[in-house]
């Protein structure tokens with residue numbers, strides 16, 4: 001009997017705070033402690049306490065059943081009432097059903113708590129895995145309960161709104177309406193229908209979709225206390241301001257689409273971020289110009305000062321980076337304007353062979369060092385491929401607007417350099433498509449290695465087919481479409497440049513969309529758009545470049561500032577010796593490998609440009625940030641390796657202008673040197 005009494009006690013303990021009054025809580029807690037320790041009240045007192053608790057719980061359950069019966073009778077009375085309209089009957093019945101659901105959910109919560117206590121008592125307190133699973137189950141139950149409670153709250157709000165509208169309708173019926181009141185009433189009904197039509201019910205439609213998880217988030221309201229002091233509680237609840245949501249992983253989210261799409265809204269955080277970047281970029285750019293550095297480093301410094309490692313004033317980091325990507329698109333378009341198809345045909349073999357040989361040599365050296373340092377081959381291949389890529393936007397900034405007069409028969413170093421960078425952009429898309437399969441092949445059993453190799457070959461074939469389709473499309477556009485399209489824009493844009501800018505921008509977006517759909521990098525599409533436009537002649541190129549350069553310059557500022565958001569000076573300071581050694585090793589290795597490869601594939605008369613091209617390639621592309629972040633999320637590389645790639649990339653970009661200026665000074669004749677610097 002004593003064992004039975006104690007088991008009843010442990011079963012009923014979770015419901016006592018809900019079933020008893022607040023005055024009894026302290027006595028209950030003391031009694032529990034004494035019973036648990038085995039030196040408290042007598043067995044008769046414990047049995048009496050259990051009987052009283054059972055009696056109170058059963059009394060509450062009987063009251064709940066009685067209330068449910070009354071609600072059923074009330075629902076039946078409402079349905080039989082002939083004096084109520086059909087809509088009013090539905091409203092009252094729905095209100096009763098909400099209350100019934102609340103009572104049933106409360107009862108279910110009580111028994112779920114009892115079941116949870118039983119499961120916890122049966123578990124082993126030394127087993128962390130078991131306790132973790134119990135905690136996960138409780139968390140899932142709480143999330144489901146929160147979703148149900150949220151749905152009930154929304155239903156109650158709808159019922160309250162309906163009640164207020166019914167009262168207003170009764171008041172309108174009791175008095176005569178003026179013509180203006182009748183018009184406003186019609187407008188109100190039309191507005192209600194509009195809200196019902198455009199409301200998507202995204203929450204209800206997606207909560208049961210496979211892969212959707214319920215998580216607890218914090219909602220942080222905008223700091224507008226002064227504007228909300230005179231608002232009522234209801235007005236604050238209905239205010240759909242751009243509040244921020246923070247999940248348990250410290251990810252921050254902002255509103256992308258409001259429930260009420262009839263009200264225009266703006267992301268004030270994003271506006272403030274862009275304004276701040278624009279204002280601070282000016283003094284930073286001036287400072288770099290004064291000390292002889294390219295202005296892009298001033299923009300990177302601006303991002304460092306405003307980013308997480310500085311003032312941490314940028315709230316919409318993802319949005320800033322997204323806008324910065326358009327700077328890459330327009331930069332590559334203007335690069336393509338200077339990269340005519342005639343020049344492309346002249347150096348296409350060099351542009352294709354050079355990056356392929358360099359990537360293979362980098363992977364070979366990476367595997368060698370990985371074997372010596374006992375690094376997994378998958379990680380060695382990934383790191384080597386990341387480091388083999390060079391920054392197209394950075395080199396483009398070096399080359400845009402520079403006049404390069406080459407000797408007759410010689411190859412233009414800018415053409416070779418840009419051709420190799422474009423090939424690397426294609427390699428980037430190829431690598432991003434093949435790398436997941438490579439990872440699976442490295443972790444698969446030996447019996448499936450052949451199948452994984454076949455999958456890789458199929459992927460490579462698909463990408464080569466996509467490239468062939470892209471270039472075939474370019475030939476069609478060049479021959480039949482680009483000429484009439486530009487002439488139409490030119491006629492329509494006389495005295496109105498916005499038509500020309502919009503038409504060229506639409507063409508850029510069309511090309512990057514096509515290349516994206518064909519699983520080729522969007523950057524290649526932007527470059528090809530510029531090359532196709534440049535085929536219309538130098539006059540067309542000059543007119544379009546003059547119109548598009550201001551847009552490119554502003555968006556490029558945002559892009560380089562977004563790079564600075566991922567620069568962490570404190571980490572660089574902590575590991576300065578290691579990072580400087582690694583950066584110099586990577587830069588020297590890429591320079592020497594590029595010089596070796598170019599010395600083998602360049603004509604003898606153009607051997608002198610290999611030093612300039614090698615200097616342009618001797619840095620790491622900013623796209624290693626993207627590849628590194630994806631690899632870290634997939635578990636391919638660790639956090640430490642990711643930070644090392646990030647820091648080495650940043651330092652190599654900082655060293656790039658120095659190496660470029662040294663190569664230009666050494667190898668370019670003086671008349672051309674001024675324009676290239």
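Glycine is treated like the rest: Cβ placed from N, Cα and C.
As recorded in TrEMBL, the features of this protein are as follows:
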COILED    125-204  coiled coil
DOMAIN    280-660  domain 'Cation/H+ exchanger transmembrane'
SIGNAL    1-22  signal peptide
TRANSMEM  322-340  transmembrane segment
TRANSMEM  352-369  transmembrane segment
TRANSMEM  381-400  transmembrane segment
TRANSMEM  412-434  transmembrane segment
TRANSMEM  454-477  transmembrane segment
TRANSMEM  498-518  transmembrane segment
TRANSMEM  554-572  transmembrane segment
TRANSMEM  579-602  transmembrane segment
TRANSMEM  608-629  transmembrane segment
TRANSMEM  641-660  transmembrane segment
Segment-segment contact (the transmembrane segment (554-572); the transmembrane segment (641-660)) at 3 or more Cβ pairs under 8 Å: yes
Considering the transmembrane segment (608-629), which listed stretch of 322-340, 381-400, 498-518 counts the most C-beta pairs under 8 Å: 381-400
Candidates 454-477, 498-518, 579-602; stretch with most C-beta pairs under 8 Å toward the transmembrane segment (381-400): 579-602
